[in-house]
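Everything below concerns the one structure shown next.
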Amino acid sequence: MPALVLLGAQWGDEGKGKATDLLGGSVDYVVRYQGGNNAGHTVVVGDQKYALHLLPSGILSPGCTPVIGNGVVVDPSVLFSELNGLNERGVDTSKLLISGNAHIITPYNVTVDKVTERFLGKRKIGTTGRGIGPTYADKINRVGIRVQDLYDESILMQKVEAALDGKNQLLTKVFNRRAIESEQVVEELLTYAEKLRPYVADTVLVLNKALEEDKVVLFEGGQGTLLDIDHGTYPFVTSSNPTAGGACTGSGVGPTKISRVIGILKAYTTRVGAGPFPTELFDEDGEALRRIGHERGVTTGRDRRCGWFDAVIARYATRVNGLTDFFLTKLDVLTGWEEIPVCVAYEIDGKRVEELPYSQTDFHHAKPIYETLPGWSEDITKAKTFADLPKNAQDYVKALEDMSGAPISAIGVGPGRDETIEINSFI
Ligand code: GDP
Ligand code: IMO
Ligand code: MG
């Protein structure tokens, strides 16, 4: 019953899409368990590039069943535009399964996301504006709309009315916007009901049965550990649990079934949106990382903030996720630097700190303590084995492994499926 979790070890955009796609050929199910179309997962297959937001990256592997689990929030308009886009490119999407318990991102959730951010002004989170936070808030407030609600019109109307009651007060009296009509929302949501029906399933049962039959299930995280609502840099986080525990709650598969937890780790660090980022660079090195690494958001088109590798964060990710392995990505981007600084600890109020501080105030004050490792100039994009890497690149990887607390089992040396050095097999 191999069940693997693959998740972001930093602030997202580590290369989860590529890693998932790489394993997609050897797994039976790929499951998204949290988040929604705030994710942007890029997969490069040959000369084709795909940007997936809501759909699991396994959708590109013909033998694999893609699953949207109960923990995901689904914007139906985005779902169908993504499915249509893939169909037009010849990708078969008919195997997709969607949990009837997944929550729906309604148009009013998107509106609330945008007006809340505008209202926060300088204190804004820098969300993707896709309605993620307000949809999870409705879920927790027990006024959410689930996929299954689309199949009972009177229940749907009651639920939309309940959700809009308070929101319309807020929209009209606080945000100075027009009220949203329940009828209009229900009408729009019902247009998706029949189109969605073929995909809706009891995904909890499907996945548990699959594991009983020794099928391989891969859980694909969105976002990353430091964006986790519980374990991330709150409040500058997303509104779900990308960390390993989220794979269980977001899919209905118990923790005893999980055999491997793989952290996707970029060889440097990036972040999109607001919030603390100790190793962030504001100089030419940061600009070069952004340029060479093509660090621009897949979802929002925003430039990503860039900085050196932060081993404190990697150790933290190992701990809170119980990582068994790392998949190190984008090592090729570091080619050409004479020396590469790596953050090994922080200085906080004059003291050396080895672990991520739990206090937000301390983390905001954390200054990186760097060790400098020698760089390499040889092209590494054709490397197939660890031994093919130049000595300094090997030493860089070994140093990161020693600092990060789990073995590095694969190394990305380019965006393509085959631009990967596999050290330990995952399945
Ligand atoms: P995700 O959100 O974690 O799936 O990551 P994104 O797709 O948002 O960002 C990662 C970017 O890096 C994508 O453009 C990938 O094609 C690219 N990428 C992934 N792995 C590698 C790698 O090893 N080397 C290089 N150069 N690019 C990579
Ligand atoms: P993938 O899966 C990077 C960030 C946003 C913002 C914060 C909250 O591609 O790694 P939200 O819209 O989720 O309420 O925004 O989280 N964020 C991401 N940053 N990669 C992502 O996804 C992200 N999804 C959300 O920029 O700071
Ligand atoms: Mg991304």
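Just so it is clear, glycine is given a Cβ too, placed from its N, Cα and C backbone atoms.
What you are looking at is a predicted structure, and each value in this text was computed from that prediction instead of being measured.
Around the Cβ of D13 (IMP binding site), the same chain contributes G40, G224, K266, T270, V272, E295, G297, V298, R304, each under 8 angstroms and 6 or more positions distant in sequence. Summarising the annotation, TrEMBL assigns GTP binding site to 12-18, 40-42, R304, 330-332, 412-414.
In sequence order, G126, V272, G273, R296 make up the list of same-chain residues 6 or more apart from R302 (IMP binding site) whose Cβ falls under 8 Å from its Cβ. Feature annotation from TrEMBL assigns IMP binding site to D13, E14, G15, K16, N38, A39, G40, H41, T128, R142, Q223, T238, R302.
Annotation comment: TrEMBL describes D13, G40 as Mg(2+) binding site.
Under DSSP, D13 (IMP binding site) is assigned to coil, being neither helix nor strand in the three-state scheme. Annotation source TrEMBL lists active site, proton acceptor at D13.
According to DSSP, H41 (active site, proton donor) sits within a strand segment. Taken from TrEMBL, the feature active site, proton donor covers H41.
Spatially close to K139 (active site) yet at least six residues away along the chain are V73, H103, judged by Cβ distances under 8 angstroms. Summarising the annotation, TrEMBL assigns active site to K139.
Within the same chain, residues at least 6 positions away in sequence whose Cβ sits under 8 Å from that of D303 (substrate binding site) are R290, E295, R296, G297. According to TrEMBL, the substrate binding site annotation covers V298, T299, T300, G301, R302, D303, R304.
Taking a C-beta cut-off of under 8 Å and a sequence gap of six or more, T128 (IMP binding site) has these contacts in its own chain: N37, N38, G273, T299, T300. Of the recorded residues, G15 (GTP binding site) and G301 (substrate binding site) place their C-alpha atoms 16 Å from one another. Non-local contacts of H41 (active site, proton donor) by the CB criterion (under 8 A, 6+ apart in sequence, same chain) comprise K16, G17, T20, A51, L52, H53, S57, E220, G222, V298. When secondary structure is read from DSSP and collapsed to three states, D303 (substrate binding site) falls in the strand class. When the Cα atoms are compared, G301 (substrate binding site) and G12 (GTP binding site) turn out to be 14 Å apart. Taking K18, G40, H41, K139, V298, G301 as the candidate recorded positions, the subset whose CB lies under 6 angstroms from any atom of ligand 1 consists of K18, G40, H41, V298.
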